[in-house]
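To start, the structure itself, in structure tokens.
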Amino acid sequence: MSQVILDLQLACADNSGLPDEATFQRWLEGVLPQFQEEAEVTIRLVDEAESNELNLTYRGMDKPTNVLSFPFEAPPGIELPLLGDLIICRQVVEREAAEQDKALEAHWAHMVVHGSLHLLGYDHIEDDEAEEMESLETEIMHGLGYPDPYLAEKDPL
């Protein structure tokens with residue numbers, strides 16, 4: 001039986017209306033057990049200022065972003081179930097959901113799925129990597145009961 005441990009940190013000025021811990025747990029459990037038996041992830045929900053600062057510091061981009069992934073790297077010879085941290089910006093997620101005409105809950109779920117796959121080593125820099133990652137995201141989102149998160153982007157009206 002797999003075990004997923006979540007450390008949820010709420011660092012927004014207004015934490016009302018955010019998905020609850022059980023919902024974040026369900027999303028993680030929809031992703032991680034497919035890849036490893038045990039996993040521990042911190043999800044920190046932040047405002048634009050913190051997202052912007054972290055994005056500038058670690059990616060050189062002076063703007064807030066939807067999700068940042070910080071994989072944990074254990075010292076050689078030490079095995080821990082700690083995968084890493086996801087930093088998710090509330091305002092960016094809410095704005096993107098509205099702009100893309102997506103259900104807010106589904107977009108939150110997508111950010112957790114997307115970020116978790118980054119923690120597991122997936123990326124989307126090269127086209128073939130992006131295709132593999134998007135395919136996994138779509139499959140996982142369907143398993144969680146959500147539509148293809150890329151459908152609207154792939155098939156504009």
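Each Cβ is built from the backbone N, Cα and C atoms, and glycine gets one as well.
Per Swiss-Prot, the feature Zn(2+) binding site maps to HIS114, HIS118, HIS124. Reduced to three states, the DSSP call for HIS124 (Zn(2+) binding site) is coil.
Of the listed binding-site residues, namely HIS114, HIS118, HIS124, the sparsest Cβ surroundings within 10 Å are found at HIS124. Same-chain residues that are not part of HIS114, HIS118, HIS124 yet have a Cβ within 8 Å of the Cβ center of the Zn(2+) site turn out to be VAL67, SER69, GLY115, LEU117, TYR122, ASP123, MET133, GLU137.
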